[in-house]
Amino acid sequence: MAEDRARQIRLNEYQRAAVLDESPACVVNANVGSGKTTVLIEKILYLHLERQVPLEQMIVLTFTNKAADEITERLLRREPDITTEQVEGFGTFHSVALRLLKNRLPVEAAGWTKEFMVMDPDEEADLAAEIIAEQGLKVKYKNRLKKRLEQEYPSYLSGKTESRYKDDLFCLYPLLQEEKKRQNKMSFSDLLRISTQLLVQRKMAAGSVEAGRQAEKGAADRKAGEIWRPAWIIVDEVQDSDMLQLDFLAALRDCGREEAPAKIFAVGDPNQVIYSWRGTGENMFFLLKHRFGAKELTLPVNYRSNASILEAANRFLQFGSGIQGSRTEVSRIAVKNHYDPFQEAEYLAERISAIHEEGMPYGEIAVFYRLQRQSEILTKVFERQGIPYELSVKKTIKDIPVLNWIVKVLRFSVNTSDAQMAVQVLTDRQYGESCTKKNAKRIIMEESGGSGCAAGGAEMLYRRMKGFAENIDSASAEELFQYFGLREALHPASSGYAEDERLAMDFLEKMCAACSRKGISAPEKGSFAEAVREFVNSSALYGMQADAGEKAAGENGGERAAADSVSLMTLHASKGLEFDTVFIIGVNQGLLPLQCRSFEQEEEERRLFFVGITRARNCLELSWYTNPGEPGVSGEPSRYLRMLPDQLLERGDVKSEEERWSGLQQMRRQVREQIRSKRARGYEETRPALPEPEAEEQVQDEPGEQAGDGHGSSGEKAEPIPVRHRKYGEGILIAEDEMTVTAEFPGYGQKQFLKAFGELQFPSGHDSA
């Protein structure tokens, strides 16, 4: 029956072997585009429908909320009767750990209560900084405190007595942990570490009466006292895991059924390890295999990209014997050279418009780049050309001041032990009464107003937050707006009040709707505060996206960007996606790859490029700049381009020096025309490239006009005079006199130099003495 089912869903022999495998531990090396998610879904359904394993006894772990949602949605499409309760164990590592601590593990034994809140790394770093100041600790590199807290904690836990920089960081850790317990807050790493610790303790005390009593004591709901034993643990993108996550995985496995540990089925691709800065490493895939004695299977067949793209991708493959393709069609990979990012953006706009006119949806086109700042000129040109785009920038609530403040109000309202958050609410400089820190602490300690606060306004807000759980059983967005006195707190006389009010109401409406949905509201109490707590915790884990009334990136005419829009994103953000046509820009040495300090960084840059080119199904175009305008970036093509076989490539003609300068002059004329046009309409030019000279406008290559230094003659076409500077690159001469030379450089504007220093290089035959 299982074989028949595998045939019905058209799995190839490798996919079928993975779905039907029931080894105690199995890791699947899934090549890019090999149907990894399909295998995961079919594995879950095979276990549930054929092997009769309840979904409640499965844990499915992912590394992003998007991946978890995709798996759940695809399961629901296949089996619409699946309930939320059945997939409680499906989610990211952190969200599953959170639910375990809330519903099944005795978190009180570790020093927290079931009402604990989740704090993000920035909040943890702020709390650590306060402790450092209060205790007079000497901690170096405070500007990197968030990173140091994360990176050096494993060394502290392993028993080391001295930090990397021989400061007081190791003295800070126990103080920080105690303060988090006192304020009833956990960091992301705490969720995994405490869950692992409690799972191990439960295993050690398995079967004892005392363990059962401890699990039942203080439980958030009836599930806390149950003996919960997962039968299967399924992991997506296992190559992105770190040691803390592997320890959590091992603890979950060992708390399985009494007769046998839970079985592990993990899928990943060691060629797509691109997040080492998060603590992952290229050997995690193999560590898991050896730690659990796992059987290794492969998914070698790619169903996404054409033969040319796969042949190019194989040149960057670091692990495995190569990617097998299912498609035989061939199309050459285009390689283009552009003078600078501005010229490239103009070309991309024209090229994408032409592709779209031929019938290609905008949504099937993507532009990838190495650094986020490379998108700035693209967005300006695309807006001018009317091309809809979606800019992949993770803008969160923290980026919107009014919503960031309201979330802090809610966080303290549902966790009144959080003195840090209360202080931040009361001392905010933009909203509320803007108390001093001293007066805010006095209000918290005495529950009365202090000097320096406006007529009890801060005291009233504090008492409303303090009494939120008792006073509010249910509420609408309008009622919450009034309860917290947000009209006064947002300052109605301020110029930004209307926008702040709109954003606040939209966000509160979104929150109230989420709290009323099944699975979000409190399980038995019906407590609105409990529902808000769960919403805020989930938002801390997943990152509240700024879509509550916020306009979409890539908007045109003030409207939300259409669903059919070109995707602009970094190579990191492209992982897991696919498009018909992909442009990768800035393939210059020093930019892609970036300058690396170690062999490991160099290898990761190579894997990142591999991820980018394998997003394309049919068309791939790579481009580089002659004048990149970035410090440390060479005006030469990346060595990655030299690694590609010539027979795969279709190279664009590299323009001659004369053609480049002619093009630059044309661009300058276009910029000036746009400036004049926009001034006539009453607003200023916003495009940063090639700013207009402050001197009287003189287009050098128009008849009858002369450059400021007298070059050219009336009635003749003035030829542009090229110059070169060691920092600013290539430019053109604007003016010169006996003492100085003025030149204009793309991306930098006009610069003036003293002739005596000889900073500019001129073509032979030009007298600049």
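Each Cβ is built from the backbone N, Cα and C atoms, and glycine gets one as well.
Quick look at what TrEMBL annotates:
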| type | residues | note |
| --- | --- | --- |
| DOMAIN | 9-306 | domain 'UvrD-like helicase ATP-binding' |
| BINDING | Ala30, Asn31, Val32, Gly33, Ser34, Gly35, Lys36, Thr37 | ATP binding site |
| DOMAIN | 299-576 | domain 'UvrD-like helicase C-terminal' |
| COMPBIAS | 676-687 | compositional bias 'Basic and acidic residues' |
| REGION | 676-725 | region 'Disordered' |
| COMPBIAS | 693-704 | compositional bias 'Acidic residues' |
Rounded mean pLDDT for the residues that make up the domain 'UvrD-like helicase C-terminal' (299-576): 84
Under 8 Å by Cβ from Ala30 (ATP binding site), same chain, sequence gap 6 or more: Lys36, Val39, Val267, Gly268, Asp269, Thr298, Leu299
Cβ-based isolation winner (fewest other Cβ atoms within 10 Å) among the binding-site residues Asn31, Ser34, Thr37: Thr37
ATP site, defined by Ala30, Asn31, Val32, Gly33, Ser34, Gly35, Lys36, Thr37: further same-chain residues with Cβ within 8 Å of the Cβ centre: Val39, Asp269, Leu299, Asn302, Tyr303
Cβ neighbour count (within 10 Å, all chains shown) around Lys36 (ATP binding site): 21
Other C-beta atoms that fall within 10 angstroms of the C-beta of Gly33 (ATP binding site): 23
Other C-beta atoms that fall within 10 angstroms of the C-beta of Gly35 (ATP binding site): 22
